[in-house]
Amino acid sequence: MTFYFVSIATYVGFFMIMALALNLQWGMTGMVNFGVAGFYAIGAYTSGLLSVKAGWPVEWAMLAAPVMGLIWGAAVALLSIRLREDFLAIVTLGFGEIVRLFVLNEDWLTEGPRGLRIDARPLGGMLDRDQYAYFYLALVAVTVLIIFLISERIRRSPYGRVLRAIREDDVVAGVLGKVVLRYRIQVFALGGAFMGLGGALYAHYVQNISPDVFMPMVAIFIWMSVIVGGAGNNKGLLIGAGVVMALLEGTRFLGDFMIWLDAEKLSALRIILIGVLLIVVLRLRPRGLMPEEKFRYNP
Amino acid sequence: MTGPLLAVEGLCAGYGKGDIIKDVTFELSAGSITTIIGPNGAGKSTLIKTLAGVVRPRIGSVRVDGDDLTGMVANRMAAHGVAYVPQEANVFRTLTVQENLEMGAWTATDTRHERMEHVFELFPVLQERSAVRAGNLSGGQRQMAAFGMAMMVAPRLLLLDEPSAGLSPKMVGQMFETVRRVNETGVGVLMVEQNAIQGLGIADRGIVMAAGEIKLNLPASELLDNAEVGELYLGTRQ
Amino acid sequence: MFGADGAALQNAGGDAILSVSGLQKAFGGVQALSGMDLEVRRGTVTGLIGPNGAGKSTLFNCMSGVIPPDSGEVHAFGRNITGWPSHRLAPLGVVRTFQLSRELGRLTCLENLMLAPLAQLGERLLPIFLQPGAVAREERALYAKACEVLEFARLADLRDEYAENLSGGQKKLLELARALMLDCELILLDEPGAGVNPALMKTLEEIIITLNRDQGRTFLIVEHDMDIIARLCDPVIVMTEGRKLTEGPFDLVRRDPTVIEAYLGGVA
Amino acid sequence: MGQVLINALVNAALIGPPAVAFSMLFGILRFPNFAIGGYITVGAFAVFAFNVTLGLPLVLATLLGMAVTGALVWLSDEIVFKPMREHSPITLLIVSIALTLILEQGVRLFWGADVRGFDLPLTRPMKFAGMRITVEQVWIIGLALAVASLTHAILRYTRIGKAMRATSDNFMLAQVRGINTGRVIAFTWLYCGALFGLTGTLGGLDLVIEPLLGWNLTIPIFAAAILGGIGSAYGAMLGALLVGIAEELTVLVLPSTYKVGVGFIIIALLLLLRPQGLFGEAQIKK
Amino acid sequence: ATAIAPKLVLGADPINVGSLTPNTGGGGPFGPNIAAAHRRVVEEVNAAGGVLGREVQLTQENSETNPETAVRAADKLINVNQVIGILGTWSSSVTLGIMPKCQEAGVIQMCTSSSADIPAKDEKGLVFNFQALSPVWGDAIADLALRRGFKTFSLMALNNDFTGSMIDAFAAKVKAKGAQVINEPFFYNGGQSSYRTEVEQLIAGDPEAVFIPAYVTDFTAVYKEIFRSGYEGQVISVSIATGDKFKEAVGEAANGLLHGVPVPPIGSKAYAMYLQEAGLEDTGEVQHPFGTAGRDQMSSLLLAVEKAGSTDTAKVAKAIWEVTTGPGKKEVFSVLEGLEAIRAGEEINYSGASSSVEFDNEGMVLGRDFQLTEVQDGKDVVVERLEFKG
Ligand SMILES: Nc1ncnc2c1ncn2[C@@H]1O[C@H](COP(=O)(O)OP(=O)(O)OP(=O)(O)O)[C@@H](O)[C@H]1O
Ligand SMILES: Nc1ncnc2c1ncn2[C@@H]1O[C@H](COP(=O)(O)OP(=O)(O)OP(=O)(O)O)[C@@H](O)[C@H]1O
Ligand SMILES: CC(C)C[C@H](N)C(=O)O
Ligand SMILES: [Mg+2]
Ligand SMILES: [Mg+2]
């Protein structure tokens, strides 16, 4: 049982990384990113392919993932300079799908639908199975912490203030001399980098990735984490990630109590329950469990 | 019915926690104009929104012509003859000027054409721009459209929130003149104005609001002459 | 046309820091600007008046990079700024307000103001991590300044309120206060007085006058309140139908029959 | 090439009506409602139940199915969305995704995941000038056109339509002018619900009835509506046509596996040229 | 005759077995059958006194046909339920997706997936596949199709691993036998809003026959489109896509369709037993191609546990071969028969409902018959059969 919790905690960690990144892009800056799964995939495949096919040391491969995420984040932001919020939604959604189609179809590179087996992992072979689980959890936790601190610093700084101003009204921000485009690109790229790193950590943890992993559903879970936690609030969405995972996993144990249901009905019921609980949570806490805090300067 | 057209008693209302307007009581007699003045954030718009049914009252009562309309939602208020022109967001931006005016006549479609003629006479520029979406009007034109919408029905009570803001001096004069003429047909008018001199100029009574409360409620001419009021709210004292 | 007064005016102001020539802008069939010309001289508080729909706000939009003009040129501080994006203007020294206030709703009043000043160190990504001390110091200075401006605008009590929760007039005040936070030499105000309580507006006028006299800031003000124009502005430019009608000291302009006919009506 | 056009037209006709409905709902409630997938699926199964289980003729079953779906969609508003009116669009978006999961799985709970079809034999195409089209497809196209014109006429000329546009523009002001916004919104849900029910039938005819039917249509619908400019009935139809054509033409240059992706790229390019959508109007705030 | 059947030993730890089936998503039409079959076997065994005197405790999870969810489900089965084996994965991406976790924890996997990567990636010899690998399918179906005399083919397939290698094998066989593949074989994605372009592309060269390996959901939509396109040639697919539900959904238009599949030994004893257990009538058609495998998975696992006398997975894995594979042993057709025989000290060879269940040394099933079927009057009629020759 402990190991189950350790591994679930690790998955929560991935969600947290992704949610922090999304919060930076959307919660703080107002840039809708429906292509979360695409960035996740970019990170996962970059690191996976570099370590499996190019023979890079796994640590280097994992560091290349955020770089790749950064580049693509900047590219997507540049492409959508002129777009309104809802259009950014389609462009990013499309981006996520294209990434998935790419890994699905370019099997000469990615192994396509067969999936990529990744045996390499950091400190692989030096720890036994139990120790390794703890080690990886620690690795993910440290990453979450670092990204959290960076995000918090941004949020509390004048930089974060500009981001929120852009979120509210980009024309006003422009008239006040803020180079809106630069901020948008920086933030989207930074978020992309965090997502890339999240993808890399995920890939080397599950050790087998395939295009099916990066379906839009993953993006939906990340969005849920941010919304349930409280958009704009980094602490809140850490909780949000936990809550969403608890919903996803907790409902698994349903079967232990409702043994009279057959597997198909049970799995339908489980997803229905996730949906209902989600609606209830949002109904009770529309701005999330921990809404964005107001800033009070008291120097 | 010989009582007042509008009777407000002990009204409290607000948005989040805490009341913005506190224990407001006043009456407006039929066929009269009352102008509310006061500093920014005094709660003038909140009061008028509460009377229009946009903000829910927490305590107190609102009666129009003896009917208890307390807590009634805005569309039913409108059906009861209350016409309201908001301070902000007062036109349908994506509808054309003409459609906006038609929306003004929602509760009284029969006299729509004459009334529209009348509004166009008043503000010829609206006729010129009648096919333009209201969101693309200039600030003042938009204000005319908003006012014009309220002119599309024959209300019992007209609630105006800063109708003169953004209008050119010439138009301000015309607008107040129109209000006066409408009033003469027996419509009660309650109006918030920062242009106090002119606003009070056509009014029977003036109310000074500050910090959510009614500070003074006097005949308009007395208020205009009141030195303290002049200094604090009108900026007339040098 | 203005004789001696016109000459006096020439001397009163310095060189033109903002000039617009032949500006045209059409929306579909509506010619909002049709060859607008205008000069704003350094150190003046210039008024811009004209009937509703004359094209004043459109002119502001074209000058501040919010929309591109169809033709014509805009020069500021000796540079041709036609078609520049708005974020390049503030560093050059031009800032504007909006007629319908555009507050940043879910920022507090204080934040709305602290956001405004240009070239803040803390607005760049690396310094917030590498020079936290300097950023904090800068923030303290901004904070002090913002508090001061909030005080003037009588918004001090609301400093931690979200701007979306302000009253209509308060939003206009915030709009003005935000522009005053920037150290811009040229400030364009679109109807700062509309909806603001006249007593308070007087205080604000004093601030504008102080900024103009003591710091040499230049203002271009669109306003329909003739008292404000009379007290603040010299010269006054009148526009109708997308172009300049006349220009001069307010006392002269207000007696111009064409101006009375088009704009003032019987009242003023 | 002609065939490509016909194919694109059929695609568009399938996506068009729900895109119109999506666009209307977006316009009036200000959030992208991703529960459309669930609604369409429910619609398809409702029609299936009337048509196959109860043995009613397809046309009648469709009408009944549209009514049922309309009612259900309206009910979903009463129960789920109405109490959340004030909340941010993205929160509502997430809620609508949760709702689509519930609807889809609810269908699965009753009917399982098997594929199904209506009681209507498949037909071979009619041929002319080397192009092919089936009777069903002609119907689909005709219905789509009818829906677009009807919606346009309602919005433009009827009282309720004007009330809908006013409500979608400025909710508070609409109330102030005396419009019963609650009733307007209820009508909008019912109308759009009926369109989703219709899409259930058309989708079931063209593709296959199964719980994910609606989900598979969601993204093209979303893209078409946005592309057309929110709130415009003809815009949504034209958006659908462009999405259809984009996807059809892709295959001429790239492996068809990239079809969906290229559709997106073309949409992105179009939006870069015309950021407000095809029929949307740019707004300049002053 | 059950004198030796032991009663459940009270207080003994149960034997934990996990079932991870695609109850929703792409495998949704098949998962529930597999899950139900697993449960039936376990119930039967428990009712008869369990294995090694211990109760078998079954935990069932839904993979959603999605490796991301499946990995977490597997995590739960491994760490919470402490299962010795995870049975029933269907899609290759799921089977491969959970493989690292299973290998690390030493958990046996039993699947019906067809990716050729499965044996390659199974480093510990813990994976047993109850399904022929897809190249075998492609080869066999091509062989059967060629016997019908077609000379030109066009190919397209749902884009997944299962169909990918099948198409290659099919094309290779076709060419080897002197017929032609006239298009550049291509893939399409499931879950699309239309398949018109794909069909257009497929029939462009007017081939005599088209081969489309796919899953039932997308194939139904594709087939309708082919029919509506007016294509008059022969459509060939795999039987998993053309079951009863498919025929109901497309109605008469299904007539004339050819489909091939590795078949349970129809008419065999175990298959008949399966039909009875599942409450199905014997229609002479292939029913529950994967449910049958589910039965065989659970049966062979439990037999192997009994045989190994322990739940040590390495030993159990070895015992799986012992109870299923090899000549000269007593043939058993159900788990109870087998348990009885093992307890009686006999060597057994389990013959299943999905196949005779013989594994090669990589754990891949060997003995599968193939059959080509034609839909006539809404019914499957066998036209060719390719029997597995041991
Ligand atoms: N986006 C637009 N589309 C169509 N017409 C427009 C648009 N913007 C402005 N106009 C028109 O251009 C003219 C000038 O508008 P502008 O807002 O510049 O006037 P203004 O001088 O600021 O008036 P006010 O004093 O009322 O604010 C008006 O007639 C207006 O209707
Ligand atoms: N939506 C809102 N939510 C919370 N507080 C609000 C909201 N609207 C107004 N307030 C607060 O209520 C108070 C009164 O606002 P109101 O709009 O009634 O003032 P007003 O007298 O009309 O001012 P003005 O002359 O500036 O229009 C203000 O302090 C404002 O901050
Ligand atoms: C149909 C099955 C035999 C194959 C399985 N669906 C796979 O993806 O490998
Ligand atoms: Mg107000
Ligand atoms: Mg203006």
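Residue numbering: from 1, along the chain as shown.
Yeah, the Cβs are placed from backbone N, Cα and C, and that goes for glycine too.
Because TrEMBL annotations are produced automatically, they should be read as predictions rather than curated entries.
Long-range Cβ contacts of the transmembrane segment (A:6-24) within its own chain (Cβ-Cβ under 8 Å, at least 6 residues beyond either end) map to 33, 36, 39-40, 133-134, 136-137, 140-141, 143-144, 147-148, 151, 154, 187, 190-195, 197-198, 201-202, 205, 221-223, 225-226, 229, 231-234, 237-238, 240-242, 244-245, 249. As annotated by TrEMBL, transmembrane segment applies to A:6-24 (among others).
Marked as transmembrane segment by TrEMBL: A:31-48 (among others).
According to TrEMBL, the transmembrane segment annotation covers A:60-80 (among others).
For A:87-104 (among others), the entry in TrEMBL reads transmembrane segment. Sequence-distant contacts of the transmembrane segment (A:87-104) (same chain, at least 6 residues past either end, Cβ-Cβ under 8 Å): 31-39, 41-42, 45, 72, 76, 79-80, 110, 112-113, 211, 214-216, 219.
The annotation transmembrane segment is assigned in TrEMBL to A:132-151 (among others).
Residues or ranges marked as transmembrane segment in TrEMBL: A:187-207 (among others).
Sequence-distant contacts of the transmembrane segment (A:213-231), counting only residues of its own chain at least 6 positions beyond either end whose CB sits under 8 Å from a CB of the stretch, comprise 15-16, 18-19, 22-23, 26-27, 34-38, 40-41, 44, 93, 96-97, 99-100, 103, 237-241, 243-244, 248, 278, 281-282, 285, 287-292. Annotation source TrEMBL lists transmembrane segment at A:213-231 (among others).
Per TrEMBL, the feature transmembrane segment maps to A:238-261 (among others). When Cβ-Cβ distances below 8 Å are used as the criterion, the transmembrane segment (A:238-261) is approached by residues 8, 11-12, 15-16, 19-20, 144, 148, 221, 224-230, 269-270, 273-274, 277-278, 281, 288-290 of the same chain, each at least six residues removed from its ends.
Here TrEMBL flags A:267-284 (among others) as transmembrane segment.
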- the transmembrane segment (A:31-48) vs the transmembrane segment (A:187-207): three or more C-beta pairs under 8 Å (separation of 6 or more)? yes
